[in-house]
């Protein structure tokens, strides 16, 4: 399903809107159900509507995303138990709730819009959790959105307009590295700190939600200023549910760096409210401990400005679950450093679409992780400003258990940022010595490694620069085991914010080494995704300057083994930002020396793309404005293929931060590469992709300026063995942002190239880069090509193509001519060529047939799919219409129920009021009144007694009148009942008559059905016979055709087989004779044996020993004979196999002979054709010669008339004469010198032509002789081969004859031996064995029969059980219906009791009043029985009508059959009738099944109704008891 399809989008939006509206109505109805007054309920409803304004939008989004991301829902608590109110109007200064102390460290950015509030510097009272005033542009966006989230494409297009004016800001931004409170570069630096950082449900200018359209830094579902927290509304660094200025903790509301529940200035701890750097519950200056208020170095659980601990949440260094402006944790969503699922202005998450920081599917400003949306400092699960560790959330440099001045580790002692056993200046590595931020073994400036002891920013066992990890070495803000700059991950070594094993600038993820915001394995400047490498907001696999990906190492945020300036690598010593052996200015390429962000051989502006030479941050093939998208051309921030100024995508040309194929403002999609937000494979200035090599955002093996790769070494962000300024990748060297395998503007190296300056400080310039051609052919060495070709598997077509390419390369043209000296056999070559061509032809024909069949299938499938699609569309439309109708019906029901509920509430409230009034005017007031009125009542007693008597008389009269009326009604009803009983009896008689008629009709129906069935059976039999005959005829016809074809083949086989049959019949006759002889000998032997046995029996007593010996000898002989027979049989089989093999060989030889003969014939034809052509050429040349001779003769005779051609001479003789007579003739005509000279020249020419022609003739003769010799050689070779083959054939025939003779001989011997071996005992044993087997088979068959019989009996029992179950179910249904009737009767009785309760309650009621109650009960019973009888009548009438209709149908069918007659009725019509009957039977069976299910459902419903009615009976009894009690009380009171 395409998400961006207009239909699906419309359906999704409409469905979401309807769901939200239904939820809203449900909430309203539930909230209004409280037992409060009507006015209070209305007030509560208004409040709830106001509170749930944002929840509607949130729920719509949560249904799509939150279910997938269960981790982020762990701490979605409301801040201080309150729901955020509506947004205030723009340009309104909102005061903080508690007093906030202003930190000395933070500096708020210069505001672009003057009316917006700037970050608090002094203590300011705050309103309770209200969103800060958004910028005017935010207001415009709000007007467009109105709490609705629009799809990603439209957000990109709309955000182009918003960010078009801010392109200049974003172009230069990516070079800078954000520190403590100052918003990160690439974020909208102009936006103020206070107005930024809004929560998840916020809607504002630059921090918009997932599908929102707005300026940079949008929260996941938020629409607000720059840095919005998950549910936070505040400045730049807000926590999860925080609404404060920048840097707020999870539930904090305060300045820029607030902790979890902190509300204060910048860098507040978890529950701290104060200046930057506050501890967990601390309120104070920057760098507070767990409960401390102090300088900027807080310990394990402290959350403060620059140095916050494990769970601290502060301005720039927030940990796992912190959400603060520049430094937000796992679930933080803020301006500069937003967490895993955070989407804010500059740090938007996976599916966020905002200005410059969007994530995997995000299109936005800089600083996007895989699922992270945070400003420049995002770790694996941390999302914070420059200093985020695994679970660290602090200002600049907080370790797990760090306690110190500014971010010291557990055992840290020393000045700024010292390692465990290291002593040096600030920022030294493990064994490093150098300026600030040296690598693992460096000793130097702040930010030292594992065993370094430095003042600021030490982690658990780390003593180094601010925020160093366990194995991390870098500048500020290192994580749990990190050593590096600020904001490092678990084992990150880097400047600020390094990952787990990363060493780089601030803000690295778990294994991230990069500037400020790196992902899990990202290495780059601020705000890197899990595998993202880009400027500030790169996608999954993007690698770029401030935001580098998995193994990227960049300037302030270096990669896994990167060592750079403030965060240098393992053995680096040098000024700030030096590689292992590198010494260079900041941001130099491997061999580049120049401005920041130069490539290997590039000299130019910062941040150039692969083939681009443009402003900073260009894409792979991009040239254009900053931040272009994949194929987009527009404002800044473009995607994958964009070409532009800073932050260009792969091939895109346009504005900043465009989507994959989008053209718009910032907010790019999954694979978009932006300045601050680049996509997966994009390579841009600040945020380029995995295979891109460019400006400060280098790829996996790229080496470039501030964002270096795995083994790069650069000035501020250098790799392990790389020497480059900043941003060098593993083996590539280029200016900013180099890709994995890309050839960049700024000089790449092949993996085997080594440049002279590779491991020396300061690489040298190599000229302005001409963009290399990415589409240029790949040149492989010969060995690798051979190995790869050898290992590959080819098609026939592919192999043919390869052969053609190789032949073209080698310039080989295969000649069909062969010289006499050639070694190869030309006939064999011709054969091979012929076979190859035939194979090729066959394969091509097969391929063509297959392709045609596939085409037909594909066409059929296409048509079927089109039909399916059309049907599916129609179904979907119908479903949509039905759902819309259902939704409207549900809405109407909800509204009606709500109105009823409101009415009931009003009634209840009125009753309560009356009761309250009665209570107020209770017994006290009545006593007073009674005492006052006592005298009046005594005076009026006489009058009252008289009045009471008169009233009683009047009431008695009225009651008697009512009694008379009731008695009359009873009489009328009893008469009506009698009449109805008479009617019922009449109807019963009618029904009995009708039943008789029905039975008669059924009998006639059955007879007609049987007749029809018989006729149908006959017709079906005839049909089957005709079909079988038709099929047999067709089969016979096909067989006949096949037999005709086979006959022709068999005729040829018969002739050959007849000869073989004759020979075999002769052999058989001989064998038969031998068999007869053998049988005769056998019979003789048997007679001899019998006689011998008789003799043996006679002389048993004498010769037992001799007989035993003879028997033993006989058995031994028998065994020997058997072994001989077995051997002979073996030999016979072997000989047969040899004979067969010889036959096969003979056949093969014959086939080869035929092929050789055919090839010879073809060769002879070719030679003959060549001979003919040569003879023709010879004749033509001779004709030309004769013509030239005649012409020369004529010319010479014309010139020299003295020459006489009298006698017929040859041309040579004539020429000799001319030579002899020539001088004489010339002497005779001395005057004619000129013409003679001409003639001489002509003569010479003629001689030359003659010589040439003779030479040609000689050549032709030699060629003819050669060809004749060739032909003779061929004939000889063929004759020799024929002789050889003949000799072989004769030899094989001789061998065959010999083998046949031997076979015959062996067969004779075998038969003789068999005859000797056969005996009667063996035959008897065989028969007995067969009998035993037969008996076994019979026993098995009988057992099987018994098992089958048992199975049949079981099945019958099952059938009977099922029938009994059905009967039981029916009986239960009847019982329950009876019970229902009884319960209804009881109910009616109870009602009558309730109605007559007042009469029963009075003590003076006469016994005559109880009679009408019983009469009413009897009446109701009779009514119930009448209703049941009426229902039965209806059923009977319905059945009778059905029976009549079926009888009518049967009669109509009979009439049709009679009218058509048996002769006219065709087989087809009968077949259709049969089908109809079958269908009817199927329907009947299905109806029976439905009826069974309906019976079960009815049973259930009746049971439920019984239970309900019993409950009602109980309730009524209770009410009766109550009424009885109350009536008795009233009686006593009177």
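Numbers run from 1 along the shown chain.
Placed from the backbone N, Cα and C atoms, the Cβ positions cover glycine too.
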Annotated stretch (region 'Disordered', per Swiss-Prot) among the listed ranges 948-967, 968-987, 988-1007, 1088-1107: 968-987
Correct range for region 'Disordered' (source Swiss-Prot, candidates 1339-1364, 1365-1390, 1391-1416): 1391-1416
Of the residue ranges 13-40, 97-124, 125-152, the one that Swiss-Prot records as region 'Disordered': 125-152
Which of 1091, 1110, the listed modified residues, has fewest other Cβ atoms within 10 Å: 1091
Integer Cα-Cα distance in angstrom, residue 1032 (phosphoserine) to residue 1110 (phosphoserine): 68
Distance, residue 1064 (N6-acetyllysine) to residue 1091 (phosphoserine) (CA atoms, angstrom): 40
Cβ atoms near residue 1064 (N6-acetyllysine) (within 10 Å, other residues, all chains): 12
Rounded inter-Cα distance in Å - residue 1064 (N6-acetyllysine), residue 1110 (phosphoserine): 42
Mean of the pLDDT scores, which run from 0 to 100, over the repeat '20' (387-396): 37
